[in-house]
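Visitor: One structure, as C-alpha cells, below. Some questions next.
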C-alpha cells in the first residue's frame, strides 16, 4: 500500500533523452529541506539513473533504513547451496509423493532467491523492494501451476495438485440429483450474532479494508461490492456457496462487513494523507535503529487517487477493465474450488488468496499510474502478472467445468435483466461519450438531465435479480 514515484523505464522516450543531474538534485534537497513536509498530491521518490534496475541504487533517503541495497550474489549463492545441500543429505524418504513435494519446494526456494536478487524493482519500496520481488516470484510460480493445469484433463490435473496439496480432490463432489436443502432465513438476534462472530465476517472486513487502501475511491469500491453481490445471484445455479439469505447478502456482506472495511480503509487513507513525510533524510538520523525499522512498515509516500471515470471514453473503459479484473479474480476462486474439488480450508486456497492479495497491492498502484499518467506507456510487471493469472485461471475452470454435474445455464429470469441492463447501459455510453467533445460542458442545473435519468434507469432491471435470494 506504500507508493513511490514512477520508475524511470515507465516515463516517455522524450523524457528519457533529457539529461538529468541527479547528484545536484539530491544535494539541493538535503541542503534546503530542514523540516518534515506534509504529503502532497505528487510526492518525491527515489531518483534513478537511465538504466536503473534498483529503486535504491542512486539515493540515500530516510525511507531505506539507513542502508543501500548492495549486491551480495556470492554470499546468497553460498547460503543457497548450503541450505539445499544440507536438506538433501539429511532427509530421505521412500514416499514418492513426498519426494516430489520436496523437489518442488526446493525448486521454488531457488527461484524465489533468484527473484530477490535479480528481478526488477516495482513501484513500492516499503518494507523493502526485495519483499515485492519475492511476491512477484510467488505469483510467477502460481501462474506456472495454472499454465500446467490448463493442458491436463480433470483427472490428471486433480492428481497433480494432490501431489503438492494432498487434501485436494478427497471430498465427494455434490450431485445434481440430490435436492438442495432450503436455507433458513429467519432474521433474529441469534442468526445476526452467528454471522457477525464468524471468521468470514472478519475476513470480509479485512479484505475490503485492503481494497479501499488499494483503490482509494469510495465509488470504485461500492461498484465493486455491488457487482460481486450480483455475480452471486447470477451464478448461484452453478456454485452452491453463492446461495444466501436476503439479509445475509444485504446486512452481513454489503452494508455490514464491506461497509465497515471501507470505513476503516477510509480512516487509514485520511491518516496517511495528513501524515508528515521526511524526504530530507535528516530526521531519520536523530531516531534510533528500532524506530527506523518500524517505519519500514509504513508508506514511503502517499498520494490521493482520482480515477476521473467519466473524463473520457478511454478512461471509462480502462476503469471498467480494473473492475472486471477484480470481479473475475474473486469469481475465479469459487469456480476453481468447485471444478477442481478443492476444500475451502485447503492450503492451495490459502496460498492463492495470500498471493493475489499481496500482488494486488503493487498491481493497483501500477495500473493507476498507467491509467492516469500520459507519460507512462508501459503496463507494470505486477499489473501484467495479475491479468495473466486471471486469464489462465479462467482457462482452467472453463475447461474443467464440463465435468460438473450441476453445470447449467442461468435461468431465463436471470438472463433477461442482464440483457436489458446491457442494452440500456450501452445506449447511455454511446450517447454520453458521443455528445462529450472538446466543447462539451457539464450541466450545472440541479435537475437531472435526460442522460442522467437514462444512466440510473439502466440499473433498474438488475433489481429483478433480487428474486434469486432466499427469503
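Using N, Cα and C of the backbone, Cβ positions are placed for all residues, glycine too.
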Visitor: From the ranges 55-72, 73-90, 163-180, grab the one TrEMBL calls transmembrane segment.
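Guide: The listed stretch tagged transmembrane segment in TrEMBL is 73-90.
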Visitor: Within this structure, do the transmembrane segment (220-242) and the transmembrane segment (254-272) have 3 or more Cβ pairs under 8 angstroms, counting pairs 6 or more apart in sequence?
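Guide: Answer yes: the transmembrane segment (254-272) meets the transmembrane segment (220-242) with 3 or more Cβ pairs below 8 Å.
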Visitor: Any contact between the transmembrane segment (316-339) and the transmembrane segment (102-119), i.e. 3 or more CB pairs below 8 Å with pairs at least 6 residues apart?
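Guide: Counting Cβ pairs under 8 Å (6 or more apart in sequence), the transmembrane segment (316-339) does not reach the transmembrane segment (102-119), since there are fewer than 3.
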Visitor: With contact taken as 3 or more Cβ pairs under 8 angstroms (pairs 6 or more apart in sequence), are the transmembrane segment (131-151) and the transmembrane segment (73-90) in contact?
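Guide: No, the transmembrane segment (131-151) does not contact the transmembrane segment (73-90).
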Visitor: Taking 73-90, 220-242, 383-400 as candidates, which has the most Cβ pairs under 8 Å with the transmembrane segment (446-465)?
Guide: 220-242
